[in-house]
Amino acid sequence: MELMTYDDFLLMIIPIVVYWVYSGIYEVLGSSEKYRLHSRRDEETKNLASKRDVVKGVLFQQAIQATITVVVTKLTHEDAKPEANTNTSWFAAASQFMVAMVVFDTWQYFVHRYMHHNKFLYRKFHSWHHRIVAPYACAAQYNHPVDGVITETVAGALAYFVSGMSKTTAALFFSFATVKGIDDHCGLMLPWNPFHILFGNNTVYHDIHHQLAGNKRNFAQPFFVTWDKIMGTYVPYAVVKRENGGFEARVAKH
């Protein structure tokens, strides 16, 4: 019995590689104060976890996710299907992509919200992620391992099974979700960022959630703001320029 196929390996490793490459690009771009939502000084003094601890925590989280990915893919027996009709194949993949996004968002919204409202779960698990008061790219997946598995890994498994996507499509989807999660935490207001145009749920939107004023608002992640609007937890934001360069995200007055 083959322990791991090539597709299994790609599904496991590609999102991890994407994470460090993409977040590394943002770390370089963040060397200037010009587009930062938090000054470098704020990043160094307000965050309660060191970058060393963040990197170690993310790597541990990714090791857990990689292990679970291998187990989950072994629960599916996917027969190779010829790509007879490229158009149909792409349409099916796009449909599965959208279903996966909805499932992923739905699970994350309700679990994330509950993590904030249950004092024990917040204090014991989810507060790890909120040690990062001034978000930056490499800290996007900094979570307590239990929180990471329940909120993110289970969301991914559900999206994979419910959508019925192939392992190739799944590798693309999880890479996209990884990029989007990093973008939401990057702390940079880049004028050419397409995610700020295509998604209402973006860097500034999630930055509000990491602030004290928005701690129990803007739970939706990583794609849409739909559940926040339906459940009454949506709060709008305003972006203002800081005197010493960069920007600041603020809760907008209704």
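Keep in mind that glycine also has a Cβ here, set from the backbone N, Cα and C atoms.
Residues annotated as transmembrane segment in TrEMBL: 9-29 (among others). Proximity of distant same-chain residues to the transmembrane segment (9-29), defined by a Cβ-Cβ separation under 8 Å and at least 6 residues beyond the stretch ends, is recorded for 35, 58, 62, 66, 69-70, 73, 136-138, 140-141, 167-168, 170-171, 174-175, 177-179, 182, 186, 188, 190.
Sequence annotations record features per position, and here TrEMBL assigns transmembrane segment to 90-111 (among others). For the transmembrane segment (90-111), same-chain residues at least 6 beyond its ends with a Cβ under 8 Å from one of its own Cβ atoms are 150-152, 154-156, 158-160, 162-166, 169, 172-173, 177, 219-224, 226-228, 231.
Residues annotated as domain 'Fatty acid hydroxylase' in TrEMBL: 97-233.
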